[in-house]
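> Have a look at the structure that comes next, please.
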Amino acid sequence: MEWLYWLYWLLVISFFVYSFYLLHIPLPHDISDRSKLAVAEFLLRLSNEYLGDLIENVFGPEVRNKVTRFIMSVGFLIPAKPPAGMTRKRVRVQGVSCITYKIEQSQNDGLLIFIHGGGWCCGEAKYYDDIMYQLCRRIGCNGLSIDYRLAPEHPFPAGLNDCHAVVSELCNNGLPDLPFNRKKVLISGDSAGGNLAAVVCQRMHREHNDVLLGQILIYPVTHVFNFTSASYQEYWKSYAGTALLNPKHMARWMLLYLGLDATKSNIKKVMNSQHVPLNLLEQKQYSSWLYHLNERKQEKTADSVLAEQFRKLGTNPDVSPMFGDTDGLPPALVLTAGYDVLKDEGIQYADKLKQFGVRTEWCHYPRAFHGLFNMPNSNDRVEMMQAVVDFAKGLL
């Protein structure tokens, strides 16, 4: 009967190989870490895309978002331990949960603040422990990561207000047990965290509280009207259907973050740019950065209700820093990835900062994909982190 045993396992293996063949979506040939990403993307697509879509159809987008949070958490079940000479501690600043990273023998008296990504709806500060360990050790300064409130339970501006409150408190009053020079504070963040970091910079500038030394924005979201840009079109041409950041995720998260109904209909309308007010391109402060909307298909007329909601919320600089005042902001480092729907708006924001006299470094990684900053053992990630370290050391 031994042959039945081997036949069973042969059938099982054949099933999984055939399933992989049927569900395989080829990634761009030159994308970074292609072999590793192919496996991770496939597993993520099975869980977060296919299963997620099923759950969303039955239970709605809020429940689907909770499933996404759970799937993200699986990769961090085993916490990264702090390296020798560094202490990690959970603290509260202005009522907001944060994590501090204290170096016993720091090389300088600066502070690196990090705001995590996740579409304003997912993620936790602890997922970035390893990144903070490396950055703080290599820069030689202490660090702090913010666990801001997440949407949809806490829609805009709750998470932003948390980040603003923490940064203001640190810059104005410091923090017990975490020594740093309040004039040497850097703010950083990736994706939605990059959006929040950029907005906090602008808020503090509007308050005439220009104490931040610099800003580090890693493939940031800079406005909510980007769905017809070239970087979004590249998604449809080169890696559509994959589990990499896609237009559907962005539309859903934007709606949830802004406290709007993330129905399948609204998600589709946002993806078709039907959330864009008709007269937006007639206003110079927006038209300069939304030139791609001229190519919107004429048959996709704007939805009057959704467009009015986005006119009020989406043009707010606290949501879309692209439309805020960038004159007089601290020096900036902006990183963008080639395979990323957010590429164009990151480049646009770097251009705007430069136009208004902000000392800005823009580093682009053509082979990189959105989320690469969290990918271990990646050459492109090494280069991205080195750019952050060099920029920070240059200011501190």
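Each Cβ is built from the backbone N, Cα and C atoms, and glycine gets one as well.
No curator has checked TrEMBL annotations; they are predicted automatically.
Got these off TrEMBL a minute ago, pasting:
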type	residues	note
TRANSMEM	6-27	transmembrane segment
DOMAIN	112-265	domain 'Alpha/beta hydrolase fold-3'
ACT_SITE	Ser191	active site
DOMAIN	296-373	domain 'Alpha/beta hydrolase fold-3'
ACT_SITE	Asp340	active site
ACT_SITE	His370	active site
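I'd like these features described in context: how deep, what's nearby, how far apart.
Every protein chain considered, the tally of other Cβ atoms within 10 Å of the Cβ of Ser191 (active site) stands at 29.
Long-range Cβ proximity for Asp340 (active site), meaning a same-chain Cβ under 8 A and a gap of 6 or more residues, is found for Tyr219, Ser231, Leu245, Gly346, Ala368, Phe369, His370.
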> Just how many other Cβ atoms lie inside 10 Å of the Cβ on His370 (active site)?
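Result for His370 (active site): 24 neighbouring Cβ atoms inside 10 Å.
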